[in-house]
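Listed in TrEMBL:
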type	residues	note
DOMAIN	A:3-118	domain 'Thiamine pyrophosphate enzyme N-terminal TPP-binding'
DOMAIN	A:194-329	domain 'Thiamine pyrophosphate enzyme central'
DOMAIN	A:389-536	domain 'Thiamine pyrophosphate enzyme TPP-binding'
């Protein structure tokens, strides 16, 4: 069918069943926006207040829907603003398709107004990118982009479309499948390796399963639970693997790493066999992988062969999709039921290290954020999306907000401040049955608070919690501990009154300064429909751990 | 240790930038890189000589394979391949030195491409290490200008490296 490239782009999105796009228009992407107007019934456009937040919202949407989500920006500064979101999605392997306008083809390379080489600039952070110069390629490029973003190890794909190309006419037909000779992601694992991994894991005296974000990427949560229960093996997570297991699962030990729990770090050092599932052994998760690989047998599943052996040597590598590989392992165990060691003593050894959580009494006029989060978790429904920002709030939430089947969403790899609110908007829009809370500090919130307007404009029911300590708390703590308490550039004294700020957006807001107001706020967060901002006052010296 | 890596890639614009970007970003050292077309016009072949231990080379291969436009990667084992590089060098060659330079050319297999009253331009196509030796011998005459292509290589024997296999 004959149509313009812009119309074809819209048809591609429809064919991919895209219902929502997040974007910010400008001259170079106007032809595409014009075509979007005609598709209003099928595709809802959400005008974010900054391009990076469009990318983060798409990321939140993709993480809940399990499919690639779309964000849009114009050429030059719009496209360059998007790069932080692209890099954030790349670090956490989140499938997003980013569409950017580019200056006219014959102007490329001449430094015209709002020209930036975005495919070049974003190159280190994309799974793949396209500069669409030939209108005849539009259908193939979009089909490939969605396929590449969502398959294998997911990640961001960028499509840069010059303005003149958007206006050209093309004979459009969307392909049903796509065939890329140089891209064939692995699905099932090699049967022999599956057997070797399974035998090594089940026969070990002190085995431990460590799960990362790859478990969510392949939707293998149920398989992880099934395997750990079948073999009676304890489970630890990286930050990206939090909420795969319910925190009250007796086999769940905790999060490892610099900011992990003592007991989880104890388990990782005490185990004799470590089974990594979709975890890349980042430096924040395992500080000294070379020491660990010497003392521990490492079994490693990853869909990305480059992750196996990159940070830690694997005794038995296994390339494949986590869900399929775990299903193979479960099937193998069903066929060969004998040979699983008794892990009761090992579980007991870990359980001995469990200590009850005790909360320190907060300074007057402030609240203990850990206790607040624990109480909030008790009151919220299980299927909640908890979107933590970056910094102390992130660690408090990862450790003290008790998860029971919902999703914990955060920027784990890149540590992008300002991620939580736009991510929450996307996550909530992807599934309106899930209550959604964005949790930030007063630093990160001031990087994204303009998105309150987006949530208001499109009626997105997200709750926002802002922990205010008038500090960039984690950096302050680093300066205190590592730089002889020489504090610089960590003071947020010019901050607005966040309750009044919310009121200016027409959003109800409460301030929490003591346990009484905390209880009331938690009740409101759990019960009230519509947006709510809750400022929680925290002492300036309150520690991360 | 030096490794010679052959990479078959889609003949698209931007591929070279993705590959060179990957090397610099991940801290891999390239000694030489040569790129050219193949008998299949949709495929280019890139030959990279890189320095690093076995772990580094394994990572280079894996990271190259992750690039969507990379079709195949192969690192050649020592002595399993034939390799050549072209060097063109312009040296000082006044009349009284010409015959000396000609002798060197004869011994090393270099050819004279151009001559003036004061200079000679020589080409030599050989292995990397032989080019280095040639350079050492010619250097005392005064090298005015030099250009090298970087190594290209194919496997020895009847085995061959192809996108179709």
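Backbone N, Cα and C atoms are what each Cβ position is placed from, and that goes for glycine too.
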### Query
Looking only at the domain 'Thiamine pyrophosphate enzyme central' (A:194-329), what is the mean pLDDT?
95
### Query
Which residue counts does DSSP give the domain 'Thiamine pyrophosphate enzyme TPP-binding' (A:389-536) for helix, strand and coil?
64 helix, 27 strand, 57 coil
### Query
In the domain 'Thiamine pyrophosphate enzyme central' (A:194-329), how many residues does DSSP call helix, how many strand, and how many coil?
55 helix, 27 strand, 54 coil
